[in-house]
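Read through the structure below, which is laid out as structure tokens, and then see the notes.
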Amino acid sequence: MSSLLVDNIGELVTNAGAGDGPLGIRRNAAVLVEDGLVAWVGPNRYPPPADRRIDAEGAAVLPGFVDSHAHLVFAGDRAAEFAARMAGEPYTGGGIRTTVGATRAATDDELRATVRRLRGEALRQGTTTVEIKSGYGLTVPDETRSLRLAAEVSEETTFLGAHLVPAEYADRPDDYVGLVCGPMLAAAAPHARWIDVFCERGAFDADHTRAILTCGQAAGLGARLHANQLGPGPGVQLGVELGAASVDHCTHLTDADVDALAGAGGATVATLLPGAEFSTRSPYPDARRLLDAGVTVALATDCNPGSSYTSSMPFCIALAVREMRMSPTEAVWAATAGGAAALRRTDVGQLTPGARADLMILDAPSHLHLAYRPGVPLIRQVLHNGVPQCRP
């Protein structure tokens, strides 16, 4: 059994009840890691012996970020589309087809290189758990290989065959839904933990969304969905009704939507993706409204080549505080424990005995600096499963 002690921690965010406030903060603390798990958390003056030691030098230590919404399997980029939006063209989601064409044409090695590059990029910024969706293949073999490549770097894989109706089915959306619920789901399910649907105008309506999610649940996949990004719609309430783990975007909400999420009691998380609003110059979700209603909120990057090409959870924290009226403490919780809740995980997003030893050491004395110093590389060191991964 190997052991590692991280000591001289000035501020330890545990996300557990034993510490102070909603982040369970402990001062002058230490963490013992054994065989990839947190074995002990306690005061720095009484640390247990360990084989190795990392001196945090009085800095803040946090659980690794849990990015519960990302699209990392794709080819090409859409920089020209971004420039056009910044010049005033509206975002409608149609650029997804551009990425579908490039992804279908790419080799496995080309897609693998992109996935690994973005996964490494995220890890260097403190993300130790990332959900990865398919959705840029939209054929049985392309969706299956997307999930297979995603599974090489993450245990959280999501089948998003219902990202958009591809061009070859434009006049036959019912036939495409049949393909998604039939051969595509059968091929994808062994490689996925979740099923997702883009429930928006121009993509999939409520009836199609219900049919696809219900088929996925019958195949043993957990449900989650994109909802209410481009305008008000049925997605949020449908997600709550079907017991989805998370409804994502939540930009345009009615009072009934908020009430439904609050009534879910945390079983359905509202995952907010401020990188998308930043990159599309769109109105941000009202996180304050959700939090004040008692809704469980997560933050994620929505990393994708079209509407949110960022892998940075610290950037999303800063946006959430500046643009969505979250406090720094709320944003950090949403980016760690909130993301874990959106994935229905209890082994990540916290630093408590038995949890996975995923943590980051900041080049800062407090978690507040993640929002206070936007754009600054504050992640000094990352541990994943108790193993030091990178030291920028």
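Cβ coordinates are placed from backbone N, Cα and C, and glycine is handled just like the others.
Swiss-Prot names N304, G306 for binding N-formimidoyl-L-glutamate. Of Y136, Y169, the residue it gives for the same site is Y136.
Annotated Zn(2+)-binding residues in Swiss-Prot are H69, H71, D302, and among H208, H226, H384 the one listed with them is H226. Here Swiss-Prot has R78, Y136, H163, Q229 binding 4-imidazolone-5-propanoate, and the candidate from S2, S3, S307 in that same listed site is S307.
Closest in space to H71 (Zn(2+) binding site), of the binding-site residues given as Y136, H163, N304, G306, S307, is N304, taking the CA atom of each residue. A simple way to gauge crowding: the CB of H69 (Zn(2+) binding site) has 31 other CB atoms within 10 angstroms, across all the protein chains here. In the structure shown, the C-beta of H71 has more C-beta neighbours within 10 angstroms than that of any other entry among the binding-site residues H71, H163. Listed in chain order, the extra residues whose Cβ falls within 8 Å of the Cβ center of the Fe(3+) site residues H69, H71, H226, D302 are A70, K133, D248, H249, L273, A276, A300, C303, N304, S308. Note: the CA-CA distance between Q229 (4-imidazolone-5-propanoate binding site) and D302 (Zn(2+) binding site) rounds to 12 Å.
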